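Worksheet: the structure to be examined is printed underneath.
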Amino acid sequence: MSDTLRIGLVLPDVMGTYGDGGNALVLRQRLRMRGYDAEIIDITLADPVPDSFDIYTLGGAEDSAQRLATRHLQKYPGLQQAAAKGAPVLAICAAIQVLGNWYETSSGEKVDGVGLFDVTTSPQATRAIGEVTTSPVMDGLKAPLTGFENHRGGTLLGADAAPLAKVTRGVGNGVGDGTEGVVQGSVIGTYLHGPALARNPELADLLIARALGIPATDLAPLDLPVVDRLRRERLRA
Ligand code: GLN
């Protein structure tokens, strides 16, 4: 790790439809408030994907945009190399599908994915839109996770993929098993927009602690009443 933590915002030009770039802002802000230097580096379709960054985030997208992203990540496998070295990666919504084994678009086209998640995604009868609340099952998370979902794809987890959480309200992965999100190695996926890390600071700190190579309990607590208020509102909504 260099002195400045580098947060790679992966393909915001095509995977930036739902404001998930805010996750990179949250990571940078929570690092800076604790005295760490941190910067966000956009990795666009014009760039190869570096494998040396400290954290990576990918956002959601429409079907056509996610197809462009899939091709780019297959051509430049820096993200796969970084994940193999244990770099934390956060993948939102369409990014779960892109990082999976394959996904089928709403028009019925089957697209090979990047293979970082042992999951497959197929369109469901109805689009899932609305608030989601979940109870985490991943080690290191205790607080309910909240977010907003908007997807037609339903994601089935294979043997190598574990769920991030169990749905208590909303749809989540959407194939009837009550799960939400995916965890495989250092890569975490969720259908939660919001952006997810603004609404779920515990998840933000889990990624930060992993990037720093320290236990999350060693991170200085941050007193941010606005974040607590947002969480209370969303849990009530
Ligand atoms: N296009 C995908 C779907 O509808 C993902 C949408 C999203 O990223 N919000 O399933």
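The backbone N, Cα and C atoms fix where each Cβ goes, glycine too.
Over in TrEMBL, the protein carries these features:
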{"type": "ACT_SITE", "residues": "Cys93", "note": "active site, nucleophile"}
{"type": "ACT_SITE", "residues": "His193", "note": "active site"}
{"type": "BINDING", "residues": "Arg127", "note": "substrate binding site"}
{"type": "DOMAIN", "residues": "6-200", "note": "domain 'CobB/CobQ-like glutamine amidotransferase'"}
His193 (active site): tally of other CB atoms within 10 A of its CB: 23
Where the residue listed as 'active site, nucleophile' sits in the secondary structure, as DSSP reduces it to three classes: coil
